[in-house]
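Asks: What follows is a structure written as structure tokens; I'll ask about it next.
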């Protein structure tokens with residue numbers, strides 16, 4: 001047991017190396033920009049003040065969003081997805097996969113489960129011994145933040161990428177003229193020369209490396225997809241559908257960043273939803289239920305329907321657009337397409 005414990009401690013320690021490296025680079029960039037560039041190189045006081053003020057805004061937002069991404073804990077599936085003791089014992093004793101699926105289907109009838117495995121089976125995690133909520137999986141740790149990026153910190157992660165890009169762009173843009181002066185020997189050879197030259201190269205290099213990742217995640221936000229769903233479409237009862245969770249560009253963005261635009265640029269939690277349920281447009285409202293905004297949702301699993309109320313945040317996310325679509329066209333066809341009235345479970349763990 002002791003060697004395993006030592007190995008795990010070593011792995012935890014090594015996993016912080018990328019974070020430590022990034023923080024060391026950021027600390028050096030702060031020193032190089034504030035001290036070597038603004039204090040020792042720039043002689044104009046007004047230019048110094050402006051450069052420092054803007055720099056500290058980007059620096060603060062970058063550090064804030066970065067550490068919010070690191071310290072935000074990913075959520076885990078709730079206890080309702082665990083098999084009851086009796087069903088769990090039956091499942092473990094049963095050797096026939098088909099019989100095991102029947103047990104899982106019986107339990108899943110009380111859960112808002114819409115996605116399946118590629119073969120159409122109920123998704124079950126043998127490691128955690130629970131039925132997998134929709135969009136839930138064992139994710140790998142992102143090296144940049146030493147944390148899983150999921151529902152609870154995805155907004156922070158996107159903001160971290162955005163502010164790191166702005167931080168690098170601002171440094172490269174303001175350092176460029178002094179980089180050229182040092183490079184062409186229009187400024188005297190001082191100890192600041194190395195820092196200024198290297199600062200420009202590092203900022204440009206990090207900007208290029210982050211640009212593609214940031215663009216990719218903006219695309220994911222606009223499409224309302226996880227990284228796994230981008231490579232493999234989620235499978236619903238009617239088959240795979242890569243756009244199963246998309247609600248339209250505006251609502252997709254709102255689901256991640258919230259409905260208060262003043263909070264979009266701040267790394268504070270404002271995402272819509274509870275982390276356990278996600279709207280999907282693939283399950284239509286029952287015509288006898290009336291307005292889905294004020295009624296329960298029917299969770300359909302193998303022909304069984306179970307009412308489950310919308311959460312307040314989901315009502316807020318879906319309600320406005322449902323009303324606007326109803327006003328535009330009250331025909332049954334358009335109502336069926338535009339009323340997203342189902343939910344799926346849990347953020348990615």
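Cβ atoms are placed via backbone N, Cα and C, with glycine included.
Straight from TrEMBL, here's the annotation block:
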type	residues	note
TRANSMEM	20-43	transmembrane segment
TRANSMEM	49-67	transmembrane segment
DOMAIN	122-231	domain 'Palmitoyltransferase DHHC'
TRANSMEM	156-180	transmembrane segment
TRANSMEM	192-216	transmembrane segment
REGION	302-349	region 'Disordered'
COMPBIAS	302-317	compositional bias 'Polar residues'
COMPBIAS	330-349	compositional bias 'Polar residues'
Asks: Do any residues, 6 or more residues outside the transmembrane segment (192-216), come within under 8 Å Cβ-to-Cβ of it, and if so which ones?
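Replies: Same-chain contacts beyond the flanks: 25, 29, 31-33, 36-37, 40-41, 158, 161-162, 164-165, 168-169, 171-172, 175-176, 178-179, 182-183.
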Asks: In terms of Cβ proximity under 8 Å, which residues at least six beyond the ends of the transmembrane segment (156-180) contact it?
Replies: 29, 33, 37, 41-42, 51, 54-55, 58-59, 61-62, 65-66, 68-69, 72, 142, 145, 149, 186-187, 196-197, 199-200, 203-204, 206-207, 210-211, 213-214, 217-218, 221, 256, 265, 267
Asks: Other than its close neighbours in sequence, what residues sit by the transmembrane segment (49-67), given a CB gap under 8 Å and a spacing of at least six beyond its ends?
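Replies: Beyond its ends, the transmembrane segment (49-67) has Cβ neighbours at 22, 26, 30, 33-34, 37-38, 42, 145, 156, 159-160, 162-164, 166-167, 170-171, 174, 265, 267.
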